[in-house]
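Colleague: One structure, as structure tokens, below. Some questions next.
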């Protein structure tokens, strides 16, 4: 087997990825399917961390727009990400992968506190680490959490696993049949063109820390493995290609 392109990765999953066809809540069978995909890659010696959104359970911005205090709304969303992390950790444990959940908000009864050195040791020992509760502060997305934690653990790449979306396009392919898919982009392209892959804070963090970002369709079996081994199945964003006009 060829050598992997990425040896330490952070997988960013949306909360909706755990919801299955319903789109809300948590579908255990869907989580178990994702866990098996991750386990297959982990068994090849790849070091893996995860950040999971909370949009299947709660969205802070709409709640704030409806009149809820924005800070409280965001903290509520952080707790949703912890729920998702615990469910995913259980599914990974059930397929034989030693997994730890670390949270940016202390809740010792259910998870470890986030400690960078401890997270690195877990990865080096072959454990998967799931980062929950965002960065512990309101106003920051789980995209920013993914970029920050990827930088802190010195990940080679962030894998943006999307539901039914196979990359980045110049327009919404569901609405525009002429939409063109980008195979490669620079982080600068993403920022300058306003492409909504991640929010601007997350994009800048990824660029400044030279972390590749790969956007791919997670609904096709084996795609995480394909990305890790360098197959060009989605859109790769990095600092190392020629600038696009």
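One-based numbering along the chain as shown.
Placed from the backbone N, Cα and C atoms, the Cβ positions cover glycine too.
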Colleague: Taking 8-13, 14-19, 20-25, 26-31 as the choices, which stretch does Swiss-Prot tie to region 'Involved in allosteric activation by GTP'?
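Modeller: Going through 8-13, 14-19, 20-25, 26-31 one by one, Swiss-Prot flags 20-25 as region 'Involved in allosteric activation by GTP'.
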Colleague: Using only what Swiss-Prot says about UMP binding by 74, 135, 136, 137, 138, 139, 140, 141, 142, identify which of 54, 117, 126 is listed for that site too.
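Modeller: For UMP, Swiss-Prot names 74, 135, 136, 137, 138, 139, 140, 141, 142; of 54, 117, 126, the listed one is 54.
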Colleague: In sequence order, what residues of the same chain, 6+ apart, have a Cβ less than 8 Å from the Cβ of residue 163 (ATP binding site)?
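Modeller: When sequence neighbours closer than 6 are ignored, residue 163 (ATP binding site) has 14, 16, 17, 217, 218, 219 within Cβ distance under 8 Å.
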Colleague: Pull the DSSP breakdown for the region 'Involved in allosteric activation by GTP' (20-25) and write it out as helix, strand, coil residue counts.
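Modeller: Per DSSP, the residues of the region 'Involved in allosteric activation by GTP' (20-25) fall into 3 helix, 0 strand, 3 coil.
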Colleague: At a 10 A cut-off on CB-CB distances, which of the binding-site residues 54, 135, 141 has the highest count?
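Modeller: Ranked by Cβ atoms within 10 Å, first place goes to 54.
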